[in-house]
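Taken verbatim from Swiss-Prot:
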| type | residues | note |
| --- | --- | --- |
| BINDING | 101, 164 | 4-aminobutanoate binding site |
| DISULFID | 173-187 | disulfide bond |
| REGION | 375-412 | region 'Disordered' |
| TOPO_DOM | 32-260 | topological domain 'Extracellular' |
| TOPO_DOM | 341-427 | topological domain 'Cytoplasmic' |
| TRANSMEM | 261-281 | transmembrane segment |
| TRANSMEM | 287-308 | transmembrane segment |
| TRANSMEM | 319-340 | transmembrane segment |
| TRANSMEM | 428-448 | transmembrane segment |
C-alpha cells in the first residue's frame, strides 16, 4: 500500500512539472507569435490599400468633375485664420494667413477596406479632380512648400474628400477714409470657381455662416486696428459665361486713434494755443509777435504735409484734414489779428515808444526855450515900465501865468500818451479765440467719436 501511494505521488509530481514546463515554454517560446501576426496584418493592410488606390486611379480621368452630366458638384468650404495683418492704408490691401479647407464627394473614389478614412499624401492631389477655386480680390497668393507642400488630403470610403492647404493671401481692402482716423472698414475675402458656373459646381459653407470662418485668438497682427469680428455670406454674379457663386468673408476693423492723437492732434492743438499767446504781448512788441505768427503758420504747414504721408492720395477731405484746416485757420487768423493791431497802432501816436518819447522830449525843450525867450524879453524892457508898476509884479505874474498855462497841458499830454497800451482788438481776441477753438473741439470730437460707421456691402458683426 505504501508502494502504491508513493507511485501516485511520483505521478502527480511529474504531471505538475510537465504543466509548469509547458506554461513556461508557451510564455517564452511563443511570445513572438502576436508580433509576427500584427506585422503580417499590417503588411496585408498596406498591400490592400495599395491595391485599392491603384484600382481607384485605374481609368480615373482627373479632367472631368464628379457627377458630370448627372448632378451638380457641391464644394463645402471653411477657413481657419492663423494670422491677420498687416493692413496697408496706402495700398488699400491686407495680408492674411489661413488654412483653406474644401470638401466634395467623388463617387469614382469609393472603396471598401479595413479603414473608413485614408490619410493620403499631397502628391495624390495632382492625380484627382480638385476644385478650380481662386480669390476674386486677391493680389498675390502663396502656397507654402516648406519643408514639404503644406497640403492635406483625406479620402473616406464613400468617396468624400477633404483637401486642406495653407495659404498666405494679399487681398484688396477698399477703404472710405472720410472719417479717418476714426474710421472703420470691412476687408473682404472673396473666392469661388473660376470656370464652373452654378449649373455645374456650387459652393456652400461647411458649418453655416456662423462658424465657417474662425480667427485664432492670437491671430491679430495689427498695430493700428482692432479686429472687431467677421461676417460670412455669399454673392451671385452674372457674366457672359453664366452665373457664379462668390463666397465672401468680411473682416471688420476699427482704427486705433492713439497714434494720431500723439502725432497730429496734440501738436495741432498746442500750436493753436501757442499762436494765441501773442494776444497777451504788448502791441509794440513787433518782433516777438511776428515770430509767434510766422512760426506757428510754418508748423501747421509741416504738420498738414506729414499727416498726409500715411494716407493714399484720395480726392476728398478726411476728418483729420478738416481738423488741421480749422487749426490752420486759427493760426493764420492770429497772424492777421496782429497785422490789424499793428496797422492801427502805426496810425496812432505811439506805434514806436522810443521815437515817441524822443519827440516828446524835443517838444518839451522847445516849449521851455519859448518860455525863456519871453521871460528874457520882459526883463530887458522892464526899465520902461511906469514907476507905479511894481518891478516883480508883472514878470512874476507873467511867469506864473506861463508856468500855470504850461504845466497842466504837459501833465494832460503825458497822462494821455501811454507807450505800452493794450489794443481793444487784443482784449477781445483773448476771449473770442479760445472760446471758438474750445467750441470747435467739443463739436468735432462729439461728432466723430459717437458716429456709427456705415460700411457699404457688409453687415456689422454681432
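Cβ coordinates are placed from backbone N, Cα and C, and glycine is handled just like the others.
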Candidate with sparsest Cβ neighbourhood (10 Å radius) among 164, 173, 187, the listed recorded positions: 164
For residue 101 (4-aminobutanoate binding site), the number of other Cβ atoms found within 10 Å of its own Cβ: 17
DSSP three-state assignment (helix, strand or coil) for residue 173 (disulfide bond): coil
Separation of alpha carbons, residue 173 (disulfide bond) and residue 101 (4-aminobutanoate binding site) (Å): 23
Alpha-carbon spacing, residue 187 (disulfide bond) to residue 164 (4-aminobutanoate binding site), which is rounded to whole Å: 23
Pairwise Cα distance for residue 173 (disulfide bond)/residue 164 (4-aminobutanoate binding site) [Å, integer]: 25
